[in-house]
Amino acid sequence: MATGSFRHYGLGFVLLSLLLQLLSGSSELQSNYYAESCPNAEEIIKQEVAKLYDEHGNTAISWIRNLFHDCMVQSCDASLLLESKHGNGIVSEQASSRSFGMRNFKYVTEIKEALEKECPATVSCADIITLSARDGTVLLGGPRIEMRSGRRDGRESHASVVEEFIPNHNDSMALVLSRFESVGIDAEGTVALLGAHSVGRVHCVNLYDRLYPTVDPTLDSDYAEYLKGRCPMPDPNPEKVRYSRNDRETPMVLDNMYYKHLLAHKGLLLVDQQLASDPTTAPFVEKMAADNGYFQDQFARAMLALSENNPLTGDEGEIRKDCRYINAV
Ligand code: HEM
Ligand SMILES: *[C@@H]1O[C@H](CO)[C@@H](O)[C@H](O)[C@H]1NC(C)=O
């Protein structure tokens with residue numbers, strides 16, 4: 001009797017978890033969702049991300065930005081990856097002004113091809129976005145994030161609403177916080193996510209307003225001189241692609257140096273610098289500047305939340321064969 005009821009207890013537990021999964025949508029995401037359908041999926045992604053990082057270190061940076069631009073806009077559905085092609089009627093989100101500077105999309109195609117070779121039409125592009133962001137974060141010295149998988153790919157671009165979801169570089173902190181709040185990310189999480197600007201670059205178009213005709217008084221004056229050198233006006237060679245690295249000291253490390261720079265008035269974008277002056281966000285900036293472990297914990301928590309914003313699951317959407325195009329019907 002005792003052993004029998006133990007076994008029934010086990011069965012009941014399985015049924016109960018199934019029931020709970022049916023009742024709450026995003027719990028259809030699971031850790032290692034492809035364990036049976038494609039057991040090597042996560043390992044293949046990890047290896048591809050590592051290989052690409054060795055060849056082009058900034059791919060890891062792109063994977064982090066991709067997660068933000070895909071998941072923030074309505075759903076983590078890989079809509080960001082859709083491209084227009086003659087006759088397919090798609091306006092790509094990549095053409096939005098908010099996507100300015102995004103790069104390395106062609107290497108997502110390489111990751112997908114490696115997966116298709118092993119398990120055709122099984123692993124979604126939306127999960128590639130999530131898992132590559134997880135693995136890229138680790139390669140850049142950031143935290144391990146326990147991402148779940150099981151997302152499906154959307155069949156439409158959200159290009160027409162990108163600007164409603166992704167803030168601009170000069171938006172007010174109140175607007176930025178409300179955007180993140182609408183996807184369930186609080187002020188502390190928002191401050192941590194902007195720490196992604198600890199890596200990568202900013203093109204001069206996003207900096208001119210802070211330098212000319214007069215220097216933004218919230219910008220350190222030596223740093224402003226440096227930035228004017230990176231972004232001269234008038235530009236003696238307008239053909240040249242001009243940008244500044246986000247973090248001159250540890251440009252390829254996802255760490256709390258970003259917050260130390262903000263406290264020293266060396267934030268690059270207006271939104272970055274506002275994190276240090278806005279009374280809601282400033283205390284978190286100070287705490288993150290002082291404690292890299294705390295920054296990493298908050299970054300991991302917020303990235304996880306972002307990665308689970310309104311995913312398609314079950315029989316919604318599809319599994320794209322090529323991340324750039326919806327499957328032909
Ligand atoms: C208020 C929110 C945000 C705004 C306004 C914003 C804006 C920008 C801008 C203007 C750039 C520079 C583009 C260029 O000139 O090339 C940039 C770069 C970047 N952003 Fe954000 N961003 C925001 C939040 C985030 C978040 C939440 C993440 C990720 C968690 C992120 C990740 C990145 C990365 C990694 C880069 C560097 C890309 C590269 O070097 O290729 N950003 N962002
Ligand atoms: C913000 O920057 C954009 C260009 O990226 C510019 O068109 C707009 O006028 C700026 N807004 C403010 C409030 O300065």
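Placement of Cβ uses the backbone N, Cα and C atoms for every residue, glycine included.
No curator has checked TrEMBL annotations; they are predicted automatically.
Out of CYS71, CYS76, CYS119, the record in TrEMBL bonds CYS38 through a disulfide to CYS119. Partner cysteine of CYS323, as given in TrEMBL, is CYS125 (from among CYS125, CYS204, CYS231, disulfide bond). As annotated in TrEMBL, CYS231 shares a disulfide bond with CYS204, one of the listed residues CYS76, CYS204. Note on proximity: of the recorded positions HIS69, ASP247, THR250, ASP255, the one nearest CYS323 (disulfide bond) is HIS69, by Cα distance. DSSP classifies CYS71 (disulfide bond) as helix under the three-state reduction. Proximity to ligand 1 (Cβ under 6 Å from any of its atoms) holds for these recorded positions out of ARG65, HIS69, CYS71: ARG65. Same-chain residues with CB within 8 A of the center of the ASP247, THR250, ASP255 CB atoms, the Ca(2+) 2 site residues themselves not counted, are SER198, VAL199, GLU249, PRO251, MET252, VAL253, LEU254, ASN256, MET257, TYR258. It is 10 Å from the Cα atom of ARG65 (site 'Transition state stabilizer') to that of CYS71 (disulfide bond).
Here the CA atom of CYS38 (disulfide bond) lies 33 Å from the CA atom of ASP255 (Ca(2+) 2 binding site).
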